[in-house]
């Protein structure tokens, strides 16, 4: 007779039972998967970001002349064999890598074939490509936040990534700092998705292909990714870095016609050589705090408070989210110590501002909830819950007001140069002359082919200006003698005979002096667009669009295009 024994099924409440432990783990996993199901899917982030990045690509102004002369102009030269060259692209200095330009040529070249007679469309095609990179990177970050921390924080971050002025403008700017921003956003998302090898590979791409100095912002994610899976992560980062550095050297050799590394040259110039960035202006230590508030308003303030709420939320956000957000403080502190400051230098950490602020907003109720009662629904906790959408709405409204003010106040240069294509009756060989407005030149993509030259007029600026790429001296391989790294004006940068000018661009402000375009016997105005006069407009009204008051309180000049009257 076979005896069978009945084993007692352990009670779920038995803490010593291994079955109980197994049940607990399965239960937690089930709840985790259920939470993921309720999280944000890919469609909403891709759709929302895609729509806003398209709007940015088509309406964004150019915020920095460095974007034009160091990136749009070399790209124009590669596509059309004409454009302005800066001293950084002289083969004597070789501070800028053509690999970054070639990446955008992959889009610009087919666009130039398709839009053979419309260079402006090529300009916007490249911008749409930049917007696409931003959409992919930010969507990964949002989905990663949703899967790890829930739908609410991801939704808040998504709203601010879409609509805050800083992200709206930086996302489609043709700048290495914007490329590093894409990489930091994507790398952070991959880190939260538990893909450390890919996170480090993307980080290496952002540093080498984008901006070498952004390595400081990638250090936290890189360090902790290596700590998680050292061998595979180290291999991914090393291989990516070696391949990109080798490719950069090869591409630079092709264009500069000498063996050099622009990545190394840039580091040597700014670090080992002491740097000469102070030649291009210095700012005080509070510059980035003011700039951050202008571009993110209360979102920036909340982001800085992330560390303040960490003692309350550390169980939820440490270590991973703290690692992701930490470059915000590291980068902000480091850059504030540098004498030369520019708005674009802060671009890499812009998405992290949104993430940190989203975390603070989500945890408003936890700041007032009794820690021993997680279900506390007292009136103050309920009020804090109501404050979450109110605060987010305030941030988004202020951001829209900032974006609207900049686009409407400073879009005149882009619009004025577009008028040139309607005046081709001037004929081949026309010359466009620009005086003190050289730094608002929107690039040669806006200058039609019948204009053979764009020349600068001496209006008292004593710094070194860009000059056209010289094909006689070797084009991209040239080392023109008129370039220097001391920001000293060259004798060749200004036009001497103003009678050769066919067109003239000037900004007419309400100032007590005459402009060249005031001579109506010589010049005929053919286009004029309002331009916000920053000096005579109150800071509040010029920074944020307030209906009715924006037009009334601010002062405006006229951005004008003139055509010479035939004698």
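The backbone N, Cα and C atoms fix where each Cβ goes, and this holds for glycine too.
Nobody curates TrEMBL annotations by hand; they come from automatic prediction.
Quantities reported herein were computed from a predicted structural model and do not represent experimental measurements.
The feature compositional bias 'Low complexity' is assigned by TrEMBL to 14-23.
The compositional bias 'Basic and acidic residues' annotation in TrEMBL covers 24-34.
The region 'Disordered' annotation in TrEMBL covers 1-34.
What TrEMBL records for 122-144 (among others) is transmembrane segment. Away from its own ends, the transmembrane segment (122-144) comes close to residues 39-42, 45-46, 49-50, 53-54, 56-58, 60, 72, 75, 79, 104, 107-108, 111-112, 115, 154, 157-158, 161, 167, 171-174, 178-179, 181-183, 185-186, 188-193, 351, 355, 443, 445-446 of its chain (Cβ-Cβ under 8 Å, at least six residues beyond either end).
TrEMBL lists 156-177 (among others) with the feature transmembrane segment.
The transmembrane segment annotation in TrEMBL covers 197-221 (among others).
Summarising the annotation, TrEMBL assigns transmembrane segment to 233-256 (among others). Tertiary proximity for the transmembrane segment (233-256) is limited to same-chain residues at least six positions away from its ends with a CB under 8 Å from its CB atoms, namely 91, 94, 97-99, 102, 196-201, 203-205, 208-209, 222, 225-226, 262-263, 476-477.
Residues or ranges marked as transmembrane segment by TrEMBL: 295-313 (among others).
What TrEMBL records for 320-339 (among others) is transmembrane segment. Long-range Cβ contacts of the transmembrane segment (320-339) within its own chain (Cβ-Cβ under 8 Å, at least 6 residues beyond either end) map to 148-149, 184, 188, 191-192, 216-221, 224, 277-278, 282-283, 285-289, 292, 303, 306-307, 310, 314, 345-346, 348-349, 352-353, 355-356, 359.
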